[in-house]
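S.K.: Here it is, the structure in full.
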């Protein structure tokens, strides 16, 4: 295999390697996929203002997230059904994240259970939660995650219904018969049936609670003492409501552009959320991060850290645990280099002054 020199190259190889239905499931976005492209393109509208002649012989990338010390502000986002990419699935990802000294969020819709992921060894892990109609089931899942040593709950709040993912509809997406949604296996909910469109969309329509509201964030706090991150926030209004509801942190996310098309790129929405949070809770970002330069830009705009999703599953598909480890290492090294070339020796030195965005100086239209 030719030497891989950046994160995006894994996707090219994964596309050749994976069955079309699986690749499309991981890669595609909703409807016109405008937001999918925008999640990447928006980063190119932010440029650096590097400082020179600063001693950058020592660079410190360590940070603390919800009280946990990690090696870098780059973490693993929840992505479902990872055994479609590689037989070891989420367990391989968990080992790679732990080796990298960073946090992994496990998806509710994983092919490996919370117990199986916990058994891979030590590591800081959060559990991503979809709230099902059956609240006893939800409480049971949360308790299992707690018992398995997971340290926080990431509540996905942008999915009362599944976005229209036309690739999945065309492919009549379903989970391969040899796999299950392992966390639901003993509850007769582990299988996704084949339908005339997307089997996942039908599954979500039948299972997910469309009445989910802010009061449920408070309800979650009655069944767990774990910190709760609200994932899927894009506006100042929802930031304030999340904080009022007792959220410990916010993840600025558009669900990898898989839900509502024509929402802004997450990097575009980030500053609005950071300003509204007023430092009361940490704000994180996922969506479109493929370079260490992207990570730096998100930190400069106020993120406490970022999560990567697709790069993990594509690297997993290409080279298993070693692939995920390499992706995390490449982003670590690129961020370190960006910091050195920008004159930043620690994460706290990455400030808004280090970047200029094209929306900082809106063009004034000439008078006619």
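Any Cβ shown, glycine's included, is placed from N, Cα and C.
Residues or ranges marked as active site, proton acceptor in TrEMBL: 255. Summarising the annotation, TrEMBL assigns glyoxylate binding site to 25, 165, 255. According to TrEMBL, the feature FMN binding site maps to 78-80, 107, 128, 130, 156, 231, 253, 258, 286-290, 309-310. The feature domain 'FMN hydroxy acid dehydrogenase' is assigned by TrEMBL to 1-360.
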S.K.: Excluding near sequence neighbours, so keeping only residues 6 or more apart in the same chain, what lies with its CB under 8 A of residue 309 (FMN binding site)?
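M.R.: Result: 76, 77, 78, 79, 256, 286, 287.
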S.K.: Where the record says 25, 165, 255 bind glyoxylate, what is the longest distance in Å from one Cα to another among those residues?
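M.R.: If we measure all Cα pairs in 25, 165, 255, the largest is 13 Å.
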S.K.: In Å, rounded, how far does the Cα of residue 255 (active site, proton acceptor) sit from the Cα of residue 156 (FMN binding site)?
M.R.: 9
S.K.: Rounded to a whole angstrom, what is the C-alpha distance between residue 107 (FMN binding site) and residue 165 (glyoxylate binding site)?
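M.R.: Between the alpha carbons of residue 107 (FMN binding site) and residue 165 (glyoxylate binding site) there are 19 Å.
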S.K.: Looking only at the domain 'FMN hydroxy acid dehydrogenase' (1-360), what is the mean pLDDT?
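M.R.: Mean pLDDT for the domain 'FMN hydroxy acid dehydrogenase' (1-360): 94.
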S.K.: Taking just the CA atoms, what is the gap between residue 288 (FMN binding site) and residue 25 (glyoxylate binding site) in Å?
M.R.: 16
S.K.: Measuring CB to CB from residue 156 (FMN binding site), give everything in the same chain under 8 Å that is also at least six residues away in sequence.
M.R.: 78, 108, 128, 129, 130, 231, 232, 255
S.K.: Taking just the CA atoms, what is the gap between residue 258 (FMN binding site) and residue 165 (glyoxylate binding site) in Å?
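M.R.: The separation of the Cα atoms works out to 7 Å.
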S.K.: When a 10 Å sphere is centred on the Cβ of residue 255 (active site, proton acceptor), how many other Cβ atoms does it contain?
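M.R.: That number is 23.
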